[in-house]
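Database features, via Swiss-Prot:
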type	residues	note
BINDING	ASP55, ASP108, ASP110, ASP115	Ca(2+) 2 binding site
BINDING	ASP55, ASP61, ASP108, ASP110	Ca(2+) 1 binding site
COMPBIAS	1-16	compositional bias 'Basic and acidic residues'
DOMAIN	22-142	domain 'C2 1'
DOMAIN	181-305	domain 'C2 2'
DOMAIN	346-474	domain 'C2 3'
REGION	1-23	region 'Disordered'
TRANSMEM	577-597	transmembrane segment
TRANSMEM	608-628	transmembrane segment
TRANSMEM	719-739	transmembrane segment
Amino acid sequence: MQRPPPEDFSLKETKPHLGGGKVTGDKLTTTYDLVEQMQYLYVRVVKAKELPGKDLTGSCDPYVEVKLGNYRGTTRHFEKKSNPEWNQVFAFSKDRVQASYLEATVKDKDLVKDDLIGRVVFDLNEIPKRVPPDSPLAPQWYRLEDGKGQKVKGELMLAVWFGTQADEAFPEAWHSDAATVSGTDALANIRSKVYLSPKLWYLRVNVIEAQDLIPSDKGRYPEVFVKVIMGNQALRTRVSQSRSINPMWNEDLMFVVAEPFEEPLILSVEDRVAPNKDEVLGRCAVPLQYLDKRFDYRPVNSRWFNLEKHVIMEGGEKKEIKFASKIHMRICLEGGYHVLDESTHYSSDLRPTAKQLWKPNIGVLELGVLNATGLMPMKAKEGGRGTTDAYCVAKYGQKWIRTRTIIDSFTPRWNEQYTWEVFDPCTVVTVGVFDNCHLHGGDKNNGGGKDSRIGKVRIRLSTLEADRVYTHSYPLLVLHPSGVKKMGEIHLAVRFTCSSLLNMMYMYSMPLLPKMHYLHPLTVSQLDNLRHQATQIVSTRLTRAEPPLRKEVVEYMLDVGSHMWSMRRSKANFFRIMGVLSGIIAVGKWFEQICVWKNPITTVLIHILFIILVIYPELILPTIFLYLFLIGVWYYRWRPRHPPHMDTRLSHADSAHPDELDEEFDTFPTSRPSDIVRMRYDRLRSIAGRIQTVVGDLATQGERFQSLLSWRDPRATALFVLFCLIAAVILYITPFQVVAFAIGLYVLRHPRLRYKLPSVPLNFFRRLPARTDCML
């Protein structure tokens with residue numbers, strides 16, 4: 001049986017017609033120049049007047065039906081109105097037009113059969129063309145005709161023109177591609193939108209002390225701590241060491257909050273009266289709107305807050321009791337940090353929260369989402385036929401874009417162009433493709449199903465040449481429990497335009513993150529917790545937009561869960577380390593071959609070079625840097641000409657064991673049977689045992705260095721101290737060049753002068769003691 005050919009996971013360069021012309025890598029300057037032009041027939045139905053009544057009451061319930069071939073679009077209808085206003089736009093794709101005439105019919109809504117009021121017919125050959133930046137076409141009044149072409153009472157105001165996707169009416173228009181979608185919510189879910197991430201702040205709560213607490217049991221020393229609640233986040237201080245009614249903590253707690261501030265900060269002072277029982281001694285609520293905002297580490301004024309206590313009275317009523325207890329705190333919003341909501345490796349924005357600290361932008365990123373090909377069926381329609389309703393989401397900085405959804409197509413064409421301001425070239429733009437599962441009543445029939453992932457592409461801006469248009473077809477890869485799968489390809493056009501080359505070069509000398517991350521850094525555990533909270537806030541806020549950018553989409557774009565354990569990813573990282581060290585290992589092997597005179601000519605040349613450098617040591621550093629310069633110039637001919645893309649071999653996705661993939665997709669905590677968990681635990685113990693051995697060996701070598709002067713082995717330390725004294729005397733009376741010359745000739749000596757036994761220094765080092773004898 002013949003094996004199927006391997007899937008093509010490579011990146012392909014393309015030559016599309018962008019902006020009406022072929023791209024050759026030169027700079028283009030026209031609007032929508034990174035996408036292919038798509039022709040549409042636009043019909044703007046503005047209003048009607050003096051419509052005749054069709055009912056017994058002499059009134060009408062009018063609506064307009066726009067018909068082009070087999071496509072029909074209808075406006076909303078009005079009840080009992082003879083002068084209705086619609087102001088709706090219909091867009092028909094010119095590629096699918098199979099008619100010669102456009103018909104706009106005004107009808108009267110009825111229970112049995114809608115009555116014809118009148119119509120207007122247009123010959124497609126007579127319709128004008130309009131392309132921005134031309135002004136919008138002015139609508140005109142058209143007299144209605146009956147089915148025989150006779151003029152009837154009533155007029156309809158219309159504007160009809162041929163245009164492209166660059167038209168201002170395009171985003172909000174009804175599209176013939178989505179003629180099968182009905183319902184206001186479903187139509188809103190298929191339109192292109194731009195979203196903005198909420199402005200995130202770090203909230204620092206410095207709990208200093210409390211005074212005059214009133215515990216219920218005055219015969220014991222209270223164990224007091226403070227619980228701080230901010231939305232869904234809750235942190236607590238340690239139990240105060242001063243077990244009294246005036247406890248002290250001086251402890252910092254960090255939270256993530258988003259503008260607009262909707263919830264107050266809740267502080268609760270509690271006494272641990274039993275192992276699983278805490279008693280509330282007082283509470284206070286602090287509105288965030290009135291807190292200080294600081295942009296550096298200048299001290300914030302501390303404040304005393306009164307504590308209140310709610311007591312449940314007879315009848316279940318809550319009574320608020322005010323007493324003299326107070327809590328002393330410093331609370332501020334930190335504007336000098338960048339709130340991390342993305343994976344640190346794929347950050348698209350590194351600016352601080354405070355806009356006052358932002359530097360000017362250094363360029364513009366332009367992205368053209370052209371089309372996708374070969375998409376896989378993501379769901380089944382009625383009758384069992386597979387279908388895909390694909391849309392794209394791109395994120396860079398605080399701006400998210402969502403393209404329109406192309407209904408029932410495995411080769412969707414979007415041809416939408418977007419721009420972002422760039423403040424740092426060492427950032428990443430992420431483009432994801434998803435299947436829209438909220439159409440055709442998807443929210444009801446599918447139980448609110450999630451939008452399925454089709455794939456994702458990341459492009460690092462620093463890998464792009466300035467002012468060059470990159471047009472490539474990227475593979476869309478998704479890792480399943482059964483292995484990596486190609487879901488199709490997405491065709492993108494990308495251009496990074498630099499406004500100031502000098503400013504961009506200067507950025508490479510600046511720290512990646514704002515100053516506060518280095519002057520007063522947060523701990524790793526704090527950053528992990530704050531990143532998790534930030535992603536939750538962003539996904540919640542974007543889910544509340546209209547139409548929503550759903551939680552599963554946001555989390556996939558932000559790489560939530562990428563820090564979880566994965567055997568496949570661990571192997572990939574190990575081989576990445578080996579790839580980095582391979583150059584050093586290759587140099588070591590090359591030097592070893594020189595030392596054993598494997599190639600006598602090369603060894604002689606190295607001897608000559610060594611002697612020159614010993615005689616003229618001032619040439620060492622210039623020689624090294626000149627060598628690196630020549631290597632860089634030599635490699636320029638073979639520099640990468642394409643952006644990097646997902647590499648299945650580097651990720652070990654093409655060779656991962658099914659059980660390893662099943663473990664990677666396991667929930668946390670695990671949901672697998674106990675025997676499988678036991679097997680994986682034993683495997684992890686085996687791997688950890690080998691790592692433990694390697695770490696122990698490294699610790700042993702370090703401890704041997706420490707024992708040289710520790711007198712743990714008195715004879716070894718005595719020998720080393722005596723050797724140091726002799727070496728100091730010899731090096732003092734001998735010129736350095738002579739010493740270096742002697743050491744070099746000894747290292748490069750001929751194999752006939754070598755012994756296969758280990759050297760004396762190595763034998764001495766291996767005999768030194770380590771602390772392994774003290775290990776249990």
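In case you wondered, yes, glycine gets a Cβ from its N, Cα and C as well.
Fair warning: this is a prediction, and the values are worked out from it, not measured in the lab.
Sequence features, as recorded in Swiss-Prot, placed on the structure.
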residue: ASP61; record: Ca(2+) 1 binding site; DSSP class: coil
residue: ASP108; record: Ca(2+) 2 binding site; DSSP class: strand
residue: ASP115; record: Ca(2+) 2 binding site; DSSP class: strand
Legend entry - Intrachain neighbours beyond the transmembrane segment (577-597), with Cβ under 8 angstroms and 6 or more residues off its ends: 603, 606, 747-751, 754
Legend entry - Tertiary contacts of the transmembrane segment (719-739), as residues 6+ beyond its ends and Cβ separation under 8 Å: 614-615, 617, 708-709, 764
Inset, instruction - State the residues, same chain only, that lie 6 or more residues beyond the ends of the transmembrane segment (608-628) and have a CB under 8 A from a CB inside it; answer 'none' if no residue qualifies. - result: 737, 740-741, 744, 748
Legend entry - Rounded to the nearest Å - Cα separation of ASP61 (Ca(2+) 1 binding site) and ASP110 (Ca(2+) 2 binding site): 8
Legend entry - Reported mean pLDDT - the domain 'C2 1' (22-142): 84
Inset, instruction - Check each residue in the chain of ASP110 (Ca(2+) 2 binding site) that is at least six apart in sequence and keep those whose C-beta is under 8 Å from its C-beta; list them in sequence order. - result: LYS54, ASP61
Legend entry - CB contacts for ASP115 (Ca(2+) 2 binding site) [other CB atoms within 10 A, all chains]: 14
Inset, instruction - Tally the residues of the domain 'C2 1' (22-142) by DSSP class, grouping H, G and I as helix, E and B as strand, and everything else as coil. - result: 6 helix, 53 strand, 62 coil
Inset, instruction - Take the Cβ of ASP108 (Ca(2+) 2 binding site) and count every other Cβ within 10 Å, whichever protein chain it belongs to. - result: 20
